[in-house]
Amino acid sequence: MLAFPHMGPQMCMKECLMHTNCNAVNFDKNNYICQLLQANYPGDALESSDGIFFSERDLWKKDFDACWPNTCPPDTKCYVLYPDERFCHTYASPCDDYNDECQNGGICRNMANGYGCRCATGYYGEYCESTPCTSSPCVHGNCDVSGSGYTCNCLDGYYGDTCQNTPCTSKPCLNSGTCSIAGSSYTCTCPAGYSGTTCQNTPCTPQPCLNSGTCSIAGSSYTCTCPTGYSGTTCQNDPCHSQPCKNSGSCTVSGSGYTCSCTTGFQGTLCEVPVAV
């Protein structure tokens, strides 16, 4: 006959199952002493004492059924030591000592191998220590826990649910200008020939072509297509620019051409013919 101290009823039965010569056990529930028996009858030492139960190996397969309905109080486990005897084994609750370990409203739950924390919605981690803000979801802002979620307070100039949009997100710089963040705003570096806060001014701004000339962007500069009769880089030369009227005749632009007003004594298209006296 083997005896084991400091052993619970379930371990006592398991110990018996490990010994081929064990057919029954005596279990002292007061002192947690387990005796392994070879014969199918109570041992002398334990059978005669109060709190000692005899259990045959063949009965253990019925343990679970025998404990239903389970009349044991919470935080205990029911064991059948004899068909008419039930033993409620009380386990110490780890949560009695560790309930404060669960953070952010987490609830301690007893488990077979200790305890675990059931976290409130939005929180996670072994001790519910991770909040909805732990992953730093706010790209350019401060995260505030809001219920089971979070809200982002964006820095000046930034916007979006997670402050993911910068002052340059909307691409404010025109004409292939380069946007750079400057504090809560932005600055545009414009290509050659372009200017303005957002590079909105092209080489054709303001209109450089005179006399209804048409301005065309050419790289970082421009070219002017002049109306008929006009010439020059900016179409600044009108049909009278070459002073076609002779003998002090007065030139007047007329459409795409000109007319000459002659002085006394001269005539002709260009006032080139003296008047006969």
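The backbone N, Cα and C atoms fix where each Cβ goes, and this holds for glycine too.
In TrEMBL this protein carries:
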DISULFID  CYS119-CYS128  disulfide bond
DISULFID  CYS226-CYS235  disulfide bond
DISULFID  CYS262-CYS271  disulfide bond
DOMAIN    91-129  domain 'EGF-like'
DOMAIN    164-197  domain 'EGF-like'
DOMAIN    200-236  domain 'EGF-like'
DOMAIN    237-272  domain 'EGF-like'
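Cα-Cα distance from CYS262 (disulfide bond) to CYS235 (disulfide bond): 27 Å (rounded to the nearest whole number). Cα separation, CYS271 (disulfide bond) to CYS235 (disulfide bond), rounded: 26 Å.
Sorting each residue of the domain 'EGF-like' (200-236) by its DSSP state yields 0 helix, 12 strand, 25 coil. Around the Cβ of CYS271 (disulfide bond), 21 further Cβ atoms fall within 10 Å across all displayed protein chains. Here CYS226 (disulfide bond) is positioned 78 angstrom away from CYS119 (disulfide bond), judged by their C-alpha atoms. CYS226 (disulfide bond) sits 77 Å from CYS128 (disulfide bond), counting Cα to Cα.
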